[in-house]
Amino acid sequence: MAESTLLPDLGTQIIIPICALVGIAFALVQWVLVSKVKLSTDKSSSADGKNGFTDALIEEEDGVSDHSVVRKCAEIQSAISEGATSFLFTEYQYVGIFMVAFAVLIFLFLGSVEGFSTKPQACTYDSTKMCKPALATAAFSTISFLLGAITSVVSGFLGMKIATYANARTTLEARKGVGKAFIVAFRSGAVMGFLLAANGLLVLYITINLFKLYYGNDWEGLFEAITGYGLGGSSMALFGRVGGGIYTKAADVGADLVGKVERNIPEDDPRNPAVIADNVGDNVGDIAGMGSDLFGSYAESSCAALVVASISSFGINHDFTAMLYPLLVSSIGILVCLLTTLFATDFFEVKTVKEIEPALKKQLIISTILMTIGIAFVSWVGLPSSFTIFNFGVQKDVKSWQLFLCVAVGLWAGLIIGFVTEYFTSNAYSPVQDVADSCRTGAATNVIFGLALGYKSCIIPIFAIAISIFVSFSFAAMYGIAVAALGMLSTIATGLAIDAYGPISDNAGGIAEMAGMSHRIRERTDALDAAGNTTAAIGKGFAIGSAALVSLALFGAFVSRAAISSVDVLTPKVFIGLLVGAMLPYWFSAMTMKSVGSAALKMVEEVRRQFNTIPGLMEGTTKPDYATCVKISTDASIKEMIPPGALVMLTPLIVGIFFGVETLSGVLAGSLVSGVQIAISASNTGGAWDNAKKYIEAGASEHARTLGPKGSDAHKAAVIGDTVGDPLKDTSGPSLNILIKLMAVESLVFAPFFATHGGLLFKIF
């Protein structure tokens, strides 16, 4: 008899849902606090002084009566919110059709493995036992795919709603000082982070328990069916990321090129026709896309860990608590992030601009340290002291402290990647300042320096990922890598909070400019936004690092499931797969970059047309036609997101069916290896160019003032760099990590089919 865990199964059944509900409750509390900032003009609102809703405004607006400003902010906010909602609904209609079609595919492919028979079959890993029929796995995989997809869509949509709710409130609070604005933006980011982490956990937990009613003791089949959840989450994230990314960048590039470079009007000037589309884009790309993306990573790393665990001693001995170890880690993660969030909002107050970035960095450090303790506790109560883990056909003996180290290694690797990203993209450090300095001699040198910075920024993150892979694989094989990925994502609520904070403060700045608020307020929102750019880059670093680990874990599960004993690089089947796989991220990036380019072209033409034909637009006497620009962005992104999406979704199917599992394993390895590099360099290059431009605009140091002011030649060169970097950091870069994960999880879901019916071409010859 195997050793039991300290935590009884009933305890697990209670702890996981309670942690999830606590997370949801905390999100609602934060939302209530944000909603206390009034967007109407009544003066009667009173609240406690701590969160400062009653503090007198530090300075009355220069000659602008309060009422008109508040009313203007509310108008702009509703325009942004409507634009974002209508775009997401349009996108979800198209994605919904795809979802249903793909669900049918899953059912047909997986059902055909045993010729749609309803009789029990011998288990894949233990032929002495009988398992549920393949048809059941097909049906349940389809259900979990749809559940994952719906959860992913809801996560993105809720995030967008909260962000558009909070942006104008951040602007209004900025009148009272930078600290108040920071708290509103941060709280609303926290709402999104906690809702997403808790929802992902709760839905997965309920799904496992419902499927268990049918599967009973067949845990191998049960957790194989659960992998559909990760596939659903990521396939929605792909379309959200690509569609949202194309939308936001078409508008951004169009607005910048005509507004700032040709017409010399400031960013977010209300005279610019593309300005509403630009602000809508921040919400649909950075918030809705990012939310779905991290939810997908989370779902997949959980699924990868569960699949491997179900064929290890946890699954064989039916040890429910140890089996759900990945979910326990995430549950503790929610509690840890809750404590961490209080550090930013309640225990310490941000008072000056200089304290913003350190406050966000502290979030990462505090959550990582507390989480290390949390993981140690969970590993102590939730795991037997020794157990075996499935390792390519053999069972490997593992101790519980080794598994703790696997999770901790992933967690700390995430922190290292976050800090390296911050060093390369924050304008407080020399890399970005060097890029800004290179703008003296024009745009060309700026582009050269920026590209070099991006390539250089890959070095340490790749070593961090490599070390964590080596350590976790040596200790606990593929399960170790899966839980390392979970470790990196265990503080997802905090990660998302500081990530969503970026676009919210970006929008707040845009609203301040459009509402014609004073110069001082714009300076404050710019400071919030520059910190937000860096945290967004950190968030992308996390997403990419975790994607690499998740993908490798899924790859391991796929190789086990497809019954490949070893992947030999020297066989031609595998090697051609490696080459083609390494090419895919380039093909995918080419598609997304060109989509942004062609959509931006349409946008530039439209903005020019309005400036040239609408009388009184430059003087500010007539309003531009915002709606046409929003429509251009929407149409372009819906049309352009289909080809890259199809490339990612169809590649594993085509390779698996025609070339078989060995070539497919080559393709997965190749895309993982090259995708991670491109994703890191693209995100960091774009982030550095953006902050180099902000560095010149802010003119905070002596060096920055020699390059400025806005409109100088160096500043124009910086704007061009920023415009080139936009599709890199917000479309190609972040979508690549989904490409890596999605191909792996899709191969895993279809593995039974590929193993029985795949490799048609090689069978013919």
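Residue numbers in this text run from 1 along the chain shown.
Positions of Cβ are set from backbone N, Cα and C atoms, glycine also.
These come from TrEMBL:
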TRANSMEM  14-34  transmembrane segment
TRANSMEM  94-113  transmembrane segment
TRANSMEM  133-160  transmembrane segment
TRANSMEM  181-208  transmembrane segment
TRANSMEM  323-344  transmembrane segment
TRANSMEM  364-381  transmembrane segment
TRANSMEM  446-471  transmembrane segment
TRANSMEM  477-498  transmembrane segment
TRANSMEM  542-564  transmembrane segment
TRANSMEM  570-588  transmembrane segment
TRANSMEM  641-661  transmembrane segment
TRANSMEM  738-762  transmembrane segment
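Contact between the transmembrane segment (570-588) and the transmembrane segment (477-498) does not hold: fewer than three of their C-beta pairs are under 8 Å, each pair 6 or more apart in sequence.
Contact check: the transmembrane segment (446-471) against the transmembrane segment (323-344) gives fewer than three Cβ pairs closer than 8 Å, residues 6 or more apart, which falls short of the contact criterion. Tallying C-beta pairs under 8 angstroms between the transmembrane segment (181-208) and each of 14-34, 364-381, 477-498, 738-762 places 14-34 first. A contact links the transmembrane segment (14-34) to the transmembrane segment (323-344), because at least 3 Cβ pairs that are 6 or more residues apart lie under 8 A. Using a cut-off of 8 Å between Cβ atoms, the transmembrane segment (477-498) and the transmembrane segment (323-344) share at least three residue pairs, counting only pairs 6 or more apart in sequence. Sequence-distant contacts of the transmembrane segment (94-113) (same chain, six or more residues past either end, CB-CB distance under 8 Å): 134-135, 137-139, 141-142, 145-146, 149, 153, 228, 231-232, 235-236, 239-240, 638, 642, 645, 649, 749-750, 752-753, 756-757. Beyond the ends of the transmembrane segment (364-381), by six or more residues, the same chain brings 5-7, 325, 328-329, 332-333, 335-337, 339-340, 343, 400-401, 403-404, 407-408, 411-412, 414-415, 418-419, 487, 490-491, 494-495, 498, 538 to within a C-beta distance below 8 angstroms of the stretch.
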